[in-house]
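Step one of this worksheet: look at the structure below.
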Amino acid sequence: MEGGAAGGQRDRETLDAVRSVVFKPSVSLEEKRFPRVQGYDFNRGCDLIGLLDSISSTGFQASNLGDAIDVINQMIDWRLSHDAPTEDCSEEERNLAYRQSVTCKIFLGFTSNLVSSGIREIIRFLVQHRMVEVLVTTAGGIEEDLIKCLAPTYKGDFSLPGSYLRSKGLNRIGNLLVPNDNYCKFEDWIMPILDQMLLEQTTENVVWTPSKVIARLGKEINDESSYLYWAYKNNVSVYCPALTDGSLGDMLYCHSVRNPGLLIDIVQDIRAMNGEAVHVGLRKTGVIILGGGLPKHHICNANMFRNGADYAVYVNTAQEFDGSDSGAEPDEAISWGKIKGSAKTIKVHCDATIAFPLLVAATFARKFQERNNKLA
């Protein structure tokens, strides 16, 4: 009995020791800093805005998406009047009406595949209503917008065999299909424009830059489904330092063989692009970047010249471990001075075709609808 009692005592002591290790006392969490995890209750009905309002408390990348919604809304809502006047500011800068008129300048960057997808229409909405001021994309982000005005892109499948598609004159972008005929139509449309641009260069001393070429193409397409048309009409800057890397480059190559002489000056554009950030004055800057690569770096690098952006939202699936710029987190850009150390930043690890429509629905489009409802 004594041995059994002693063994029982040892077991209890062991259990107490185990419990002290396993059940460490918890610190209390402040719900303001650590909100409770809770998902949307569909008993409330299928309410998109209600769902998006609740998404930040869902967890994982849904919470990152919710944080991105918050950061973009801060970009949109910011006014100079939110900050106290500095001691050395002018009388005009102290004027409340003036301070309420000074807004955040929003840069939007996106890769070409997003224009191939239905994200093109969302970009068009933002540009049509002057919700963003500076766009940066790749050559495909220019040509795909124009080509879609001439012929459609189709939804296919990721698994369609390349050799089969090649034999049928079909090009695959993920699960999207672009017929070769689309590029033939693009060539027929753009060659006379390039001829005219060369003539203006020769007879009027016009100095073409990538952004001037893009604006001209937006003017010539004259199609309200095109975001480039609206960028031209609303004087929204569109930059593409890699203008030759795509079908547009193929057209420039062919044109240079048939009718040589057209020159495009990239130096003027880098000065203009950096100036978009340098000359913002008292404004803040916000960056929204879909995907990575050139558009991401070009926007962040321009903001380095003003000691960094004030807000940054990244949406991409790239990872940081390989040292790529595409996968770099906002904190890496802070080390370069491309984003301010005090900036509001978030990266959403998600396909932008999923995340961006939801982001726009909960921010730009929601505010647009609310304004229209007030005017009705």
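Placement of Cβ uses the backbone N, Cα and C atoms for every residue, glycine included.
Residues GLU143, GLU144, HIS297, GLY323, SER324, ASP325, GLU332, ALA333, ILE334, SER335, TRP336, GLY337, LYS338 are given by Swiss-Prot as spermidine binders; from ASP88, ASP188, ASP195, ASP250, that same site also lists ASP250. Ranking the binding-site residues SER112, SER116, SER335 by other CB atoms within 10 A of the CB puts SER335 at the bottom.
Here the binding-site residues are LEU114, ALA318, and the one whose Cβ sees the fewest other Cβ atoms within 10 Å is ALA318. In this structure, GLY323 is the one among the binding-site residues GLY292, GLY323, GLY337 with the smallest number of other Cβ atoms inside 10 Å of its Cβ. Residues GLU143, GLU144, ASP250, HIS297, GLY323, SER324, ASP325, GLU332, ALA333, ILE334, SER335, TRP336, GLY337, LYS338 are recorded as binding spermidine; their most distant pair of Cα atoms lies 38 Å apart. The shortest Cα-Cα distance from ALA139 (NAD(+) binding site) to any of the binding-site residues (ALA333, SER335, GLY337) is found for ALA333.
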